[in-house]
């Protein structure tokens, strides 16, 4: 008898099966409840934050323009993943076409790289505001802020567009089970029967040269901020300067820590990190930071608090 071999399948004819969280299938319904709640809060909170920034002229400053960009990317990132996740958990709707899978993969990576660039822009904004306050309005003009936002989007597109070709060029041999709740580059590439070294190398290069460099520049920005702050003689002025950075630092930690845990666990921690832990963290990553970001900035930013109070006061008066 001839040895069994898979028939090669054209990518456009492929349908994949997303399994959700392997090993926790019996708990999918319970897991879906907090994920759905966090997704709804993330969408409402971020859209409300964008509304506040757009409608309040005092918030038409670079810091808040970058914050609105971050809020928009959070809404899009959670929306690119959470609805399909919930469909898997609630309705066992696990099938996804190759085209839909690749589209979801592209938008997830695109939004992640764009959000990383926005966080870098926000760090640069704090650096200029604290280290060069007299030149702030001349350096970060409305035009410069817009160009930085466009550059973040263009850079992300250029970096992530090759992922589409990298998975299209592969030959697939019939394997179609993706042990995840959404499609991402390496999970899709591993279903092929070709050598995926190029995919691995490009993925690592993107992580190190885009997101990795963003982190390096953010660290440099905050190192220079700290040097400037500790030269201020007044302790109250030091605290005020550092307090303006606190919310941004919280957002940075929430964004990068789980993302890099998921990235390295997927590539190097296959035997040390249980698969269900890796997938669960990846699922929470796309809803927890988007849900918390509006609250963090709302609590730590007086201008946003004042605008919320102003909007709510007529409601409370009417009641």
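Cβ from N, Cα, C; glycine included.
Under the heading domain 'G-protein coupled receptors family 1 profile', TrEMBL lists 45-297.
The transmembrane segment annotation in TrEMBL covers 31-54 (among others).
For 66-92 (among others), the entry in TrEMBL reads transmembrane segment.
Distant neighbours of the transmembrane segment (104-124): 63, 66-67, 69-70, 73-74, 76-77, 80-81, 84, 96, 148-149, 151-153, 155-157, 159-161, 163-164, 167, 182-185, 188, 206, 210-211, 214, 217-218, 221-222, 248, 251-252, 255-256, 259, 286; these residues of the same chain sit at least 6 beyond its ends, with a Cβ under 8 Å from one of its Cβ atoms. TrEMBL lists 104-124 (among others) with the feature transmembrane segment.
As annotated by TrEMBL, transmembrane segment applies to 136-165 (among others).
Note on the transmembrane segment (200-229): residues 109, 112-113, 116-117, 119-120, 123-124, 126-127, 130-131, 155, 159-160, 162-163, 166, 185-186, 189, 238, 241-242, 245, 249, 252, 256, 259, 263, 267 of its chain, located 6 or more positions outside it, place their CB under 8 angstroms from a CB of the stretch. Taken from TrEMBL, the feature transmembrane segment covers 200-229 (among others).
Taken from TrEMBL, the feature transmembrane segment applies to 241-265 (among others). Outside the transmembrane segment (241-265), and at least 6 residues removed from its termini, the chain residues within Cβ reach (under 8 Å) are 70, 112, 115-116, 119, 122-123, 126, 129-130, 207, 211, 215, 218, 222, 225, 228-229, 232, 273, 277-278, 281-282, 284-285, 288-289, 292-293, 296-297, 299-301.
Per TrEMBL, transmembrane segment is recorded for 277-299 (among others).
Residues 21, 24, 60, 64-65, 67-68, 71-72, 74-75, 78-79, 82, 85-86, 89-90, 280, 283-284, 287-288, 290-291, 293-295, 297-298, 304, 307-308, 311 of the same chain lie 6 or more positions beyond the ends of the transmembrane segment (31-54) yet place their CB under 8 Å from a CB of it.
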